[in-house]
Amino acid sequence: MADEDVLTRVKKIVVDRLGVDEADVKLEASFKEDLDADSLDIVELVMELEDEFNLEISDEDAEKIQSVGDVVSYIENHKS
Amino acid sequence: MGLEGKTALVTGASRGIGRSIAIKLAQLGASVIVNYSGNKVRAEETAAQIQSVGSEALIWQCDISDEKAVQEMVKESIAHFGKLDIVVNNAGITRDGLLMRMKEEDWDAVLNTNLKGVFLVTKAVLRPMMRQKKGRIINVASVVGILGNPGQANYVAAKAGVIGLTKATAREVASRGITVNAVAPGFIVTDMTDQLSDDVKNKMKQEIPLGQLGSPDDVAGAVAFLASDDSKYMTGQTLSIDGGMSMQ
């Protein structure tokens with residue numbers, strides 16, 4: 001079960017950044033396939049998530065991020 | 001073409017073309033980070049000239065082929081000035097010789113500084129520029145990267161690489177308000193060309209339609225244009241500042 005607070009904050013950033021409907025930002029949604037993001041959008045998204053959650057996501061980890069669920073579980077595992 | 005309130009990083013700014021660029025940007029109002037690798041005294045001279053026109057200068061020593069050192073320079077520059085608007089990848093070296101006799105280390109040294117260095121600095125500045133949704137990157141290529149030159153296989157390969165890198169980067173970040181352009185100087189009077197004999201220089205002049213060597217200020221003027229809002233609808237281009245040598 002995903003932390004509601006993290007999910008809410010992630011959703012807000014994804015909606016703002018990608019201009020998608022909040023209803024489409026589900027845990028299983030793929031950024032590229034479902035949310036129409038390109039590689040550069042994902043880089044920017046990662047930068048914004050770093051600011052929001054005050055953490056640093058390495059390039060290696062950032063490359064593994066494919067879906068909204070990946071982001072949420074990464075943040076839950078790395079939260080200080 | 002004012003650059004008031006802008007912050008610019010110029011690599012290899014202790015002398016030659018880099019120094020002229022740094023001073024020109026400062027004259028137009030920009031604060032400048034004066035990067036140098038070996039010559040601290042001359043970097044300080046550049047900084048003093050920047051300050052004498054009323055702009056702020058920060059001197060930073062670093063080898064641009066060292067990724068960690070580059071990242072630290074960019075981080076500290078932004079910590080000091082709060083932002084980075086303009087980056088001029090100017091630093092370059094030569095290790096001339098016929099290809100058949102060129103040592104692997106001479107190839108590597110030139111490619112590391114002149115091409116990999118541009119990649120590393122660009123990589124480090126793109127993140128802050130993407131956050132700002134604005135940025136100007138100007139790479140200093142060379143006429144020989146367009147025409148080729150015997151005895152400079154390493155330098156020519158690196159400079160032709162810079163022109164390609166300029167286009168690839170320009171396409172990658174165009175949608176984020178960042179422009180990436182290059183200048184390709186021809187024969188410019190600097191320490192690099194001072195070493196040539198008068199005979200060689202006279203031969204060079206015959207190949208230049210405008211009939212004379214250029215000055216670093218000729219290059220600096222083009223870079224200032226590419227750094228300013230006047231060039232906002234240009235990206236991925238290489239401006240030749242070569243007295244007409246490479247005209248097509």
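Using N, Cα and C of the backbone, Cβ positions are placed for all residues, glycine too.
Marked as domain 'Ketoreductase' by TrEMBL: B:6-186.
Non-local contacts of B:SER14 (NADP(+) binding site) by the CB criterion (under 8 A, 6+ apart in sequence, same chain) comprise B:VAL34, B:TYR36, B:GLY38, B:ASN39, B:LYS40, B:ARG42, B:ALA43, B:GLU45, B:THR46. Per TrEMBL, NADP(+) binding site is recorded for B:GLY12, B:ALA13, B:SER14, B:ARG15, B:ASN90, B:TYR155, B:VAL156, B:ALA157, B:ALA158, B:LYS159, B:ILE188.
Sequence-distant neighbours of B:TYR155 (active site, proton acceptor): residues of the same chain at least 6 apart with a C-beta under 8 Å from its C-beta are B:GLY92, B:THR94, B:ARG95, B:ASP96, B:VAL110, B:ASN114, B:SER142, B:VAL144, B:ASN149. The active site, proton acceptor feature in TrEMBL is assigned to B:TYR155.
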Site extent for NADP(+) (largest Cα pair distance over B:GLY12, B:ALA13, B:SER14, B:ARG15, B:ASN90, B:TYR155, B:VAL156, B:ALA157, B:ALA158, B:LYS159, B:ILE188, Å): 24
